[in-house]
Number of protein chains: 6
Amino acid sequence: MTDFQPVSGFVLPRFAGIATFMRLPHVPLDDPRLSEVQIGLIGAPWDGGTTNRPGPRHGPRQLRDASTMIRAQHGISGIRPFEAARCADLGDVAPNPADVQDSLRRMTQFYARVRAAGIIPLTAGGDHLCTLPILRALSHDRPLGMIHFDSHTDLFHSYFGGQMYTHGTPFRRAVEEGLLDPHRVCMIGIRGTAYDSEDRDFARAEGIRVIPIEEFHRRSVEDVMAEARAIAGDGETYVSYDIDFVDPAFAPGTGTPEVGGPTSWQALECARGLSGVRIVGADLVEVSPPFDPSGGTAFLGASLMFEMLCAIVAGQAQENP
Amino acid sequence: MTDFQPVSGFVLPRFAGIATFMRLPHVPLDDPRLSEVQIGLIGAPWDGGTTNRPGPRHGPRQLRDASTMIRAQHGISGIRPFEAARCADLGDVAPNPADVQDSLRRMTQFYARVRAAGIIPLTAGGDHLCTLPILRALSHDRPLGMIHFDSHTDLFHSYFGGQMYTHGTPFRRAVEEGLLDPHRVCMIGIRGTAYDSEDRDFARAEGIRVIPIEEFHRRSVEDVMAEARAIAGDGETYVSYDIDFVDPAFAPGTGTPEVGGPTSWQALECARGLSGVRIVGADLVEVSPPFDPSGGTAFLGASLMFEMLCAIVAGQAQENP
Amino acid sequence: MTDFQPVSGFVLPRFAGIATFMRLPHVPLDDPRLSEVQIGLIGAPWDGGTTNRPGPRHGPRQLRDASTMIRAQHGISGIRPFEAARCADLGDVAPNPADVQDSLRRMTQFYARVRAAGIIPLTAGGDHLCTLPILRALSHDRPLGMIHFDSHTDLFHSYFGGQMYTHGTPFRRAVEEGLLDPHRVCMIGIRGTAYDSEDRDFARAEGIRVIPIEEFHRRSVEDVMAEARAIAGDGETYVSYDIDFVDPAFAPGTGTPEVGGPTSWQALECARGLSGVRIVGADLVEVSPPFDPSGGTAFLGASLMFEMLCAIVAGQAQENP
Amino acid sequence: MTDFQPVSGFVLPRFAGIATFMRLPHVPLDDPRLSEVQIGLIGAPWDGGTTNRPGPRHGPRQLRDASTMIRAQHGISGIRPFEAARCADLGDVAPNPADVQDSLRRMTQFYARVRAAGIIPLTAGGDHLCTLPILRALSHDRPLGMIHFDSHTDLFHSYFGGQMYTHGTPFRRAVEEGLLDPHRVCMIGIRGTAYDSEDRDFARAEGIRVIPIEEFHRRSVEDVMAEARAIAGDGETYVSYDIDFVDPAFAPGTGTPEVGGPTSWQALECARGLSGVRIVGADLVEVSPPFDPSGGTAFLGASLMFEMLCAIVAGQAQENP
Amino acid sequence: MTDFQPVSGFVLPRFAGIATFMRLPHVPLDDPRLSEVQIGLIGAPWDGGTTNRPGPRHGPRQLRDASTMIRAQHGISGIRPFEAARCADLGDVAPNPADVQDSLRRMTQFYARVRAAGIIPLTAGGDHLCTLPILRALSHDRPLGMIHFDSHTDLFHSYFGGQMYTHGTPFRRAVEEGLLDPHRVCMIGIRGTAYDSEDRDFARAEGIRVIPIEEFHRRSVEDVMAEARAIAGDGETYVSYDIDFVDPAFAPGTGTPEVGGPTSWQALECARGLSGVRIVGADLVEVSPPFDPSGGTAFLGASLMFEMLCAIVAGQAQENP
Amino acid sequence: MTDFQPVSGFVLPRFAGIATFMRLPHVPLDDPRLSEVQIGLIGAPWDGGTTNRPGPRHGPRQLRDASTMIRAQHGISGIRPFEAARCADLGDVAPNPADVQDSLRRMTQFYARVRAAGIIPLTAGGDHLCTLPILRALSHDRPLGMIHFDSHTDLFHSYFGGQMYTHGTPFRRAVEEGLLDPHRVCMIGIRGTAYDSEDRDFARAEGIRVIPIEEFHRRSVEDVMAEARAIAGDGETYVSYDIDFVDPAFAPGTGTPEVGGPTSWQALECARGLSGVRIVGADLVEVSPPFDPSGGTAFLGASLMFEMLCAIVAGQAQENP
């Protein structure tokens with residue numbers, strides 16, 4: 001398994017070297033080593049669904065850069081994910097920056113190949129519309145559960161005169177297309193001013209559980225995550241983590257911030273609370289480097305990706321003891 | 001009432017258009033529509049009272065820009081303030097950047113006209129000395145109560161050899177001039193290193209209630225705000241919110257930061273705790289764009305203005321059910 | 001004509017007030033004063049044609065902000081454009097951030113109305129694809145000449161698998177659609193690494209004059225502009241000014257910078273060299289605030305808009321002495 | 001004692017004047033007034049031990065600048081440290097930026113002179129390797145206790161092929177050299193991904209108490225600090241405060257941030273919890289201005305230095321009532 | 001003369017140490033060494049005359065910081081000013097940030113003491129109004145000549161309803177008060193949009209020579225400076241250098257930038273062209289750190305101060321060979 | 001040769017993908033494809049020789065990021081270097097961030113392997129001390145000529161008490177070690193304040209030609225480069241390009257800027273003037289991302305690397321027609 005280890009900071013300093021996710025080897029889809037990979041870290045450099053401040057197309061590259069500061073062992077659990085599973089950086093899916101539908105097609109095809117190779121994808125966005133083609137690829141034959149951290153539900157019907165594919169609509173589409181089982185979906189941290197209540201009404205009607213921020217702040221993270229795990233159950237579950245879930249003091253580099261969110265510690269604890277969930281894929285989206293002057297958002301994002309990686313590994317260990 | 005609605009993000013994207021407060025119509029004081037306005041959002045672009053790092057004169061423009069990301073409905077209460085009251089952007093009061101006394105006069109006159117039109121002013125500063133001329137205009141015949149969020153009391157007698165009009169002295173002057181009823185004044189969040197105890201001694205002598213930060217952190221926001229509401233009572237009350245009340249991690253863009261302050265969630269909860277107070281005017285001051293590289297301070301400030309707007313509306317609904 | 005004067009800095013300091021272009025009155029298309037306007041300043045907040053680093057959608061607002069530092073009189077010629085012509089800020093055209101074709105339609109319609117009102121439009125972009133719908137509106141019945149400052153020809157056929165509408169293609173489309181008379185088109189400042197020579201080949205074949213940067217640096221600005229004026233002749237001419245014409249040290253805030261460009265003084269002299277051209281419309285595009293930490297690009301952009309405004313006025317004076 | 005007072009903000013505004021620590025007089029080691037000084041503020045502008053992102057060599061100058069905003073009286077305890085003790089800015093120790101061992105020697109010599117003069121040093125780093133020569137100077141004849149705030153233990157054996165003197169190793173060396181009594185050492189806030197468990201194993205074997213962040217967040221600051229004080233006991237104790245102890249939202253300007261840390265309020269409370277400890281020296285290290293665009297890290301650092309200064313003064317008052 | 005040497009970078013690295021101008025000793029006005037000083041570097045941390053974007057009050061401290069990168073010998077002339085004359089940092093004059101007239105008085109008194117000590121002052125501003133009290137102190141008995149680099153004449157009568165003391169009026173006042181001999185005044189680099197021609201009309205009427213930027217760009221620096229020296233003649237002359245003389249690409253950190261200015265090389269050459277002038281005082285004003293994200297403006301400003309220092313030294317050498 | 005082509009922007013947008021130099025394939029030294037490579041782009045992430053502001057260790061990663069905007073064809077000459085020669089990104093040499101001598105050894109060994117493979121190295125620094133080990137590897141048996149663009153000669157004997165290996169000394173060492181033939185060395189652009197004349201004296205004594213900036217500005221680039229080519233002659237020549245050669249307005253992101261330098265156009269023309277030189281290796285050093293807020297320095301650096309690449313290719317074409 002030595003082929004799938006990060007470059008050690010004792011061999012090449014952490015600031016040195018071509019930046020791949022967590023200093024893992026780069027294994028493109030046409031690389032013969034692909035068949036050995038168990039967890040694939042993937043960039044989705046795209047913001048074609050962004051309705052206000054663009055920039056997440058630059059997210060994957062900055063997340064790769066920041067992720068080179070991540071070391072091999074979890075500080076609390078002691079999990080060493082790169083020893084527990086063969087991980088690799090699969091590179092970036094190629095969006096079409098001038099065509100939304102073509103981009104969705106390209107992304108679905110890319111993730112279908114990842115799935116066919118038996119690889120669990122951990123994606124760095126990109127804006128939140130990225131999650132739709134991933135779900136299309138991952139859940140083609142049965143709806144998935146989902147644990148979703150965000151300040152927005154992304155459950156809107158459409159935008160600006162009927163545009164149905166923006167970063168505000170992916171989960172509406174996913175439910176409509178049967179990609180998600182709404183009764184196994186839990187959305188955590190929803191807040192901010194609203195256009196109206198259309199999204200919440202849809203959630204209620206479909207049976208999606210929404211935990212708004214005021215409830216989140218009243219309860220403990222432990223308690224919230226216990227409920228989330230119960231909702232997801234032991235079925236296959238996708239995890240979608242929008243960095244704007246976290247308060248903008250901790251994550252300013254995002255296009256649609258909402259004040260009053262969780263701290264970085266709460267954000268980490270949420271990700272740790274995924275342990276035990278049967279994760280078939282996960283993402284960290286909406287990191288926007290042009291709005292992140294100190295780079296702190298990308299480092300938090302990379303840290304959350306590492307937490308999700310450990311949760312995936314922990315889940316697999318459970319299944320295959 | 002359609003004339004007083006914000007431009008919808010579905011008609012003109014939120015990043016587009018001339019930036020007015022919350023995308024409301026611009027109604028200058030000489031506009032015939034003024035008589036219909038109930039709540040007026042006003043910029044006070046002034047920092048002539050600033051003793052250390054200048055910049056708040058640029059606050060109103062940046063707050064307008066950030067406020068275009070505010071949507072029409074409160075995320076928790078569901079209040080839709082622009083439907084509940086006729087709101088407008090009244091433009092900026094014109095200070096004299098080279099003359100403090102002339103600026104105070106100009107501002108008092110401007111707010112006197114606003115008051116005469118029966119409009120509740122919600123002001124975006126400017127440094128904290130702005131509040132003095134506003135109080136002069138609003139409380140000319142009877143002293144007001146005040147709920148004041150800040151890290152400083154702004155109760156000093158003078159500065160630098162007898163200067164009596166700086167952003168450290170407005171409430172000393174306001175008490176001396178009888179604009180405030182000290183027994184109905186509550187100051188929340190006071191902290192930081194001090195020159196001496198002169199301001200606190202004055203507060204104690206006059207009966208002003210000061211809740212320092214160490215007490216704030218010990219108690220719940222709910223508890224603190226219940227006391228604040230009790231102090232204000234059911235009389236007419238002014239609300240003054242200095243952005244440096246919030247911890248500088250959440251609000252770096254200000255001239256006299258003090259570490260150890262509330263989080264953005266606590267800051268929002270404080271503003272929500274104003275509900276039930278009979279608000280005759282409010283302000284959000286000391287946002288200083290040159291010290292706000294990511295613009296997060298302005299967005300938090302705009303969010304707090306929206307919270308205060310909803311509190312004003314809620315208070316009016318109570319009075320006129 | 002007093003209705004169309006900028007707010008004086010002696011009445012309201014230049015940092016104060018709602019930011020319109022050059023502090024002019026806001027006259028939306030449905031305002032009765034529209035019929036009096038002679039030159040309309042318009043924002044085109046759009047970057048749907050951007051293939052690399054997005055951001056120009058935020059350009060118009062930042063250009064408005066920076067333009068409040070522009071005073072009423074040209075420093076060299078003494079021209080006072082706001083006295084010479086009735087100018088107004090017509091607001092922003094509303095693009096559809098999620099649909100390129102719909103945006104092009106919306107923009108063409110907006111500019112058709114401007115043209116119908118007899119107003120010369122001076123546009124603040126937006127990415128360079130903006131110019132295509134403007135040309136569609138302005139030249140519906142006869143091809144226009146064009147003087148084009150840029151580091152790229154924007155004459156490419158397509159991008160990324162056949163996308164024909166990006167900020168690299170507007171003038172290819174404009175020539176194909178007969179909106180421009182290629183023999184009356186002059187492109188100045190072209191430079192940077194190239195994909196290939198397809199665009200230059202097209203220019204040569206069509207008779208478009210390209211003055212690359214190495215020629216520009218060899219000749220004087222005066223000489224270059226004399227040739228440009230000769231090419232445009234005395235027919236109706238459009239001026240398109242991409243801020244990336246200027247060296248990125250002077251204009252870092254743009255998405256596709258190319259090093260080795262003109263200084264700000266040369267950039268101004270170029271605009272001054274437009275005097276005598278019969279300008280039917282002009283634009284300043286590709287200002288991208290997220291890449292402009294000190295705001296200098298927007299101020300240079302606003303200064304260039306003022307130069308173009310003076311050139312328009314000078315041209316009109318010539319026609320109607 | 002008037003010679004050792006900070007310049008008053010009522011005589012010279014706080015933004016004015018040559019920046020010394022807290023506006024204290026500059027008393028170099030060869031100044032005759034040195035013998036009167038009781039507490040010396042010292043800069044250690046060095047990052048020769050930094051293994052990833054450099055910058056702390058610029059820390060002392062930025063900390064001096066930020067410290068000019070610190071006033072004379074503690075906001076809660078009312079302590080006026082500059083009246084309680086004769087404090088001075090002793091200037092910077094001169095490191096050799098091209099030679100680690102020479103720098104260690106120079107620093108040890110400097111602090112030996114400070115100790116010989118009976119001065120308690122309060123140091124502004126510099127990277128954390130600075131603390132090793134300080135400990136060598138201060139504890140030459142008996143091991144000290146230490147309370148250490150950090151996200152890293154800095155207890156590693158070596159780095160990159162046997163380098164034994166980096167900012168990850170100072171306390172390993174200090175224990176090996178007998179400078180610290182491991183049973184009187186308490187490390188608080190440890191977190192982040194790890195290379196391995198070598199440092200924790202060493203701590204356990206030697207009897208050093210490590211309070212990791214997950215324990216810190218579970219307990220109250222009061223409780224944690226009570227334990228820390230009990231571990232330090234009433235023996236002579238050094239305090240070492242790495243700014244990366246605090247969450248990077250509050251302190252982005254540091255080279256090796258770890259997310260999930262304490263808030264600024266908790267950070268201050270920790271420092272206040274030092275009251276009663278017999279402090280023989282203290283430091284605030286790893287402030288890195290190039291990564292601190294808004295300067296907030298330096299201001300937090302200066303505020304923590306003031307807290308530690310008050311704790312030193314309180315401890316002395318106890319000893320010499 | 002060893003007492004007045006900068007701290008060597010071989011003794012204390014250039015990034016280390018308390019920042020004084022060019023690492024010179026700090027000699028306050030009440031220091032007995034004052035009588036030995038020949039050239040005094042002084043900070044004037046004030047922006048009370050600023051009508052638009054404030055910030056120059058923070059200039060002196062940032063200029064001191066940047067000036068620590070200046071070495072002892074001129075790169076072209078080989079002049080070693082610190083050996084040629086006894087130079088010292090005299091500290092900052094204390095303005096009153098809340099009172100313009102009091103500030104003018106305080107500054108005049110400070111410079112009168114400097115003059116009385118026979119010291120030539122080289123001042124770091126501060127906004128341009130600073131120059132008025134300096135001229136009042138230096139020219140009390142006979143009018144001075146002046147060479148003035150700027151993009152504005154600063155010759156306006158008043159501002160905003162009669163304010164006669166702003167950074168746009170100092171030289172109008174100085175001429176009115178007889179501090180300057182207008183026939184020996186030369187202003188270089190004037191440009192930008194104008195309110196009107198009032199200042200130029202005044203210059204013409206009084207015999208002040210204005211070399212506008214278009215003339216500057218046409219002629220060589222050598223030629224322009226020869227004329228300037230001829231105008232100043234061999235009488236006592238003051239040099240006032242506003243950093244906004246330089247193009248904002250080279251000097252973004254200033255409050256009233258005007259595009260189209262000289263390069264840094266031209267800016268240096270202008271200062272070198274002062275050689276031979278009988279300089280009785282000089283200043284470098286309008287450096288505004290909040291608008292200087294990379295610190296380059298301060299470094300250019302410090303470099304220009306060094307050039308002026310060498311010019312002063314060269315002038316003295318001429319007088320006292 | 002298709003294996004050594006950059007990823008096309010029409011296949012994967014330029015902002016997407018793992019960032020290698022100019023989007024070339026990554027071919028580490030142990031890759032079997034190494035033997036096919038003709039020109040190797042290499043990162044030297046090191047600043048262990050930096051005496052003032054550190055940061056160049058982060059240069060290679062940022063240069064890789066910026067270089068993804070470079071297209072395949074030179075805009076003026078039409079050269080397509082990736083078709084003319086097999087180019088690859090060889091990754092980073094691993095320095096030892098805690099040991100200067102070990103780093104020099106590691107770098108010499110790395111470049112010796114590159115040389116043994118017959119590859120011409122084009123290096124992205126790192127500070128200027130990097131060039132010493134490169135020269136040791138490339139010129140082991142005969143001294144090389146060198147064309148050196150810089151604002152400093154880097155010819156000093158030692159620093160800070162005898163440190164002989166800093167970024168101010170590499171070429172002194174190289175001459176002493178016989179790696180360079182001083183009569184074939186030309187240094188262009190030297191400027192700034194100086195410690196003394198020791199370096200210039202050494203240059204004169206050894207026969208090194210120094211073209212200081214004042215001479216550079218007087219002559220044309222063409223003329224200067226003709227002389228440089230004549231000095232280098234037709235022997236093997238190394239090219240060393242310090243980004244601080246360029247004026248800091250164009251390249252702020254560097255540790256030891258000197259004002260008054262060339263423009264970006266002059267900087268490009270200098271690199272183009274290398275055509276015809278027999279280049280055996282080249283570097284672009286001293287790009288320091290922490291001081292480059294807008295990223296413009298890295299983009300200029302990448303553009304200069306492309307120019308040097310074309311010059312290498314042109315030189316080879318000459319030799320092997």
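Every residue gets a Cβ built from N, Cα and C, even glycine.
Quantities reported herein were computed from a predicted structural model and do not represent experimental measurements.
The feature Mn(2+) binding site is assigned by TrEMBL to C:His128, C:Asp150, C:His152, C:Asp154, C:Asp242, C:Asp244.
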Long-range Cβ environment of C:His128 (Mn(2+) binding site), under 8 Å and at least 6 residues apart: C:Gly49, C:Asp150, C:Asp154, C:His167, C:Gly168, C:Pro170, C:Ser240, C:Asp242, C:Val285, C:Glu286
Additional residues surrounding Mn(2+), by Cβ distance to the C:His128, C:Asp150, C:His152, C:Asp154, C:Asp242, C:Asp244 centre under 8 Å: C:His148, C:Ser151, C:Thr153, C:His167, C:Phe245, C:Thr256, C:Val285, C:Glu286
Spatial neighbours, same chain, of C:His152 (Mn(2+) binding site) - Cβ under 8 Å, 6+ residues apart: C:Gly168, C:Ile190, C:Gly192, C:Asp199, C:Asp242, C:Asp244, C:Thr256, C:Glu258
Helix, strand or coil at C:Asp242 (Mn(2+) binding site) [DSSP, three-state]: strand
Where C:Asp154 (Mn(2+) binding site) sits in the secondary structure, as DSSP reduces it to three classes: coil
Mapped DSSP class for C:His128 (Mn(2+) binding site), helix or strand or coil: helix
Sparsest Cβ surroundings (other CB atoms within 10 Å) among the binding-site residues C:Asp150, C:Asp244: C:Asp150
C:Asp242 (Mn(2+) binding site), number of other Cβ atoms within 10 Å: 26
C:Asp154 (Mn(2+) binding site): tally of other CB atoms within 10 A of its CB: 27
